[in-house]
Amino acid sequence: MRHLLDAGDLSRDEAVGLLDVAEAMARTQSRQIKKLPALRGLTVVNLFFEDSTRTRISFEAAAKRLSADVINFSAKGSSVSKGESLKDTAQTLRAIGADAVVVRHSASGAPHRLAHAGWIDTPVVNAGDGTHQHPTQALLDAFTLRRHLADGTGDLQGRHVVLVGDVLHSRVARSNVQLLHTLGARVTLVAPPTLLPVGVEDWTCDVSFDLDTAVDGGAPAGAPDAVMMLRVQRERMTSGYFPSEREYARRYGLDRARVDRLPEHAIVMHPGPMNRGLEISAEAADSPRSTVVEQVANGVSVRMAVLYTLLAGQDPAQAAADITRTETR
Amino acid sequence: MTRYLLRSVAPLGAERTDLLLGDGVILAVGADAREAAGRDAVVVDGDGLVALPGLVDLHTHLREPGREDTETVRSGTRAAAAGGFTAVHAMANTDPVADTAGVVEQVWRLGRDAGYADVRPVGAVTIGLAGERLAELGAMATSAARVRVFSDDGKCVWDPVLMRRALEYTRAFDGVVAQHAQEPRLTQGSQMHEGAVSAEIGLAGWPAVAEEAIIARDVLLAEHVGGRLHVQHLSTAGSVEIVRWAKARGIRVTAEATPHHLLLTDELARTYDPVFKVNPPLRTAEDVEAVRAGLADGTIDVVATDHAPHAAQDKDCEWSAAAFGMTGLETALSVVQHVMVDDGPFGWADVARVLSVTPAAIGGVTDHGRPLEAGEPASLVLVDPAARTVVDPAAQATASRNSPFAGRELPGAVRWTFLRGHATLADGVLTEADR
């Protein structure tokens, strides 16, 4: 593994390996001293062309707990806002001596360009690009699902995950559909037809326009083991994707009544930040089934696993064994 | 003026013969040519070469005035000569826009002074390409540039009333309205073809219907008012069907396809390399098949390059920040040979038809696309169909490097290009203009 750009690039064994490393990382995080020396002397640059406090601090915490030096480079107030190109920014980072670049960008494919255009030669981690991919989010979601539904080991064979909301504009949905399929889970997308991309019929999942059928375990895929709500941006309404917030909340929002109809073991997920009252009601967000806060904590472990695997240049299985050895020492 | 004796060339791929060029015309053919050549004629060994009338491009962006950093009339027409073209239609989206007699005459003169190919300026349909008021089409038509093709290319003449008026008004001087068919509301922010690939890689889609809806409207408008419509860079299977239907009804419509829409598909967007970003976008393999079939059965009349040079910084960036467009003058003939001759039903007479004779007729260019016969203008090209070349943008004559065919091996090579008896390309090398 040279870069992490696309959840679809991961094989089943690579994905399970990364989740295993993340489990090992998570165990170290329950120690009193959380910091590991693994990446001492290396520099990780967080290159954020789009605002995202949550993802940036998660990557920052992950890198620092591995003893890497962290440079945060955000577009606002930097030369990027003065019109500097992605290429020049990349070459500046190379000159500074970055050992890995974590990039968030509003343009789909920008991390892919950074990794492959010949501008820099460091590992690139995609921290979310446009409406394309957010692979570490998919990994942390899989990690959370695996803990709840598969005792924290192996894959997600036979589990059923329902994703609800703005699939069209969602990099989280694209990454999750691919990774969950790779891990053996079944996925159902639920959305109004306006918020599904033309071409979704080729994806490795089922599609439904009706949330109640999905919640009740009707066709096509049966009862859900997890429901993942996607953030809906309010400006979608003004572009005519749906008529009103209230209509969206009624038809596609996860409220108390729908949560109560889910199977007892099913969990409720959301990548955050949530629009309470739009795609998820306050009761659903705060219910004991909700894993929203847990997902944030898991995000740090997963990102530690990704940075460690890329920068230590190991395959994930070997990396997991190494980390476990430091635990027992 | 130098005389050239072209020995043993195959006109339109038919039986070999000799051609004698001099005084700007084909002086003689066959045995007459050998007899009349005399001692001072330069003899060109044409063994294995196909002779075609000089190619005519209906769709070229020369970028001058305004973006001389990406192309000039001189560099663009040198690229044209290198690609076998003797006439090009220069699109109006320059800065200032070619929407007055003054600008089109300037571009026409720059072409004449450079001497590598005849430059036929295309006039803007609307002032500043703004789509609000008709430009002075009549003034451009009667200027020294004798404009016959009008287009807001890059932008669609979206307003149906304005399109109707343009189709009507240009009848007075046998003009043609060349439409960039793109419904603007359906393509806001669009980056690539909308379909399975765009859904997966997360780039905003440019749906086929946005092209097809405008073409359907325009052919009906052309039928209603009797004007002459030319559909630019037709790219979808549905568009082929609509044009086929319109022609069957007797509507005065012609259509062009680009070399890139005959060969490349939207799968290339997976690289996120903006060299593959173009408008209209690369479509699916099924669309490519339909466009090829349309060209083969005559639904699509011509191949036009949509040669669109861009500065390095406008392509060496992330996809959505990049400019739309790709160069094409120096690869067009090779792509057509590859797709339509080597792997398709075309003979060389068909190639001459779609790249020279018919584009000249559509553009009203009377002294190009002529038969290779004694007394005709000596604007012709000699092609070696057996050659194979790996496309190297750095070795091209265009001032820009954004060729989507870079690194691809393509068949055929242009060896000689003659413009009214002058060799603009001699044995594969651009000559210095001696006029």
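One-based numbering along the chain as shown.
Note: Cβ is positioned from N, Cα and C throughout, glycine not excepted.
Keep in mind that what you see is a predicted model, and the values were worked out from it rather than measured.
Quick look at what TrEMBL annotates:
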BINDING   A:Arg54, A:Thr55, A:Arg104, A:His134, A:Gln137, A:Gly272, A:Pro273  carbamoyl phosphate binding site
BINDING   A:Lys82, A:Arg171, A:Arg231  L-aspartate binding site
DOMAIN    A:2-146  domain 'Aspartate/ornithine carbamoyltransferase carbamoyl-P binding'
DOMAIN    A:157-309  domain 'Aspartate/ornithine carbamoyltransferase Asp/Orn-binding'
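Looking at the residues that bind carbamoyl phosphate per the record, A:Arg54, A:Thr55, A:Arg104, A:His134, A:Gln137, A:Gly272, A:Pro273, the two CA atoms farthest apart are separated by 16 Å. Sequence-distant neighbours of A:Arg171 (L-aspartate binding site) (same chain, six or more apart, CB under 8 Å from its CB) are A:Gly128, A:Asp129, A:Gly130, A:Thr131, A:His132, A:Gln133, A:His134, A:Gln137, listed in sequence order. Note: the domain 'Aspartate/ornithine carbamoyltransferase carbamoyl-P binding' (A:2-146) comprises 67 helix, 26 strand, 52 coil (DSSP; helix = H, G, I, strand = E, B). Those binding-site residues from A:Arg54, A:His134, A:Gly272 lying by chain B, with Cβ under 8 Å from one of its Cβ atoms: none. Take the mean position of the Cβ atoms of A:Arg54, A:Thr55, A:Arg104, A:His134, A:Gln137, A:Gly272, A:Pro273, the recorded carbamoyl phosphate site; other residues of that chain with a Cβ within 8 Å of it are A:Ser52, A:Ser58, A:Ala127, A:Gly128, A:Pro271. Residues belonging to the domain 'Aspartate/ornithine carbamoyltransferase Asp/Orn-binding' (A:157-309) score a mean pLDDT of 95 in the model. Within the set of binding-site residues (A:Arg104, A:His134, A:Arg231), the lowest number of other Cβ atoms found within 10 Å of a Cβ is recorded at A:Arg231. For the pair formed by A:Arg104 (carbamoyl phosphate binding site) and A:Arg231 (L-aspartate binding site), distance between Cα atoms is given as 18 Å, rounded to the nearest Å. Note: the CA-CA distance between A:Arg54 (carbamoyl phosphate binding site) and A:Arg231 (L-aspartate binding site) rounds to 14 Å. According to its DSSP assignment, A:Arg171 (L-aspartate binding site) is helical. On its own chain, A:Gly272 (carbamoyl phosphate binding site) has A:Arg54, A:Arg231, A:Val292, A:Gln295, A:Val296 as residues at least 6 apart in sequence with a Cβ closer than 8 Å to its own Cβ. In the structure as shown, the Cβ atom of A:Pro273 (carbamoyl phosphate binding site) sits within 10 Å of 11 other Cβ atoms. Around A:Gln137 (carbamoyl phosphate binding site), taking its Cβ as the centre, 24 other Cβ atoms fall within 10 Å, counting all chains. Mapped onto three states, the DSSP output places A:Pro273 (carbamoyl phosphate binding site) in coil.
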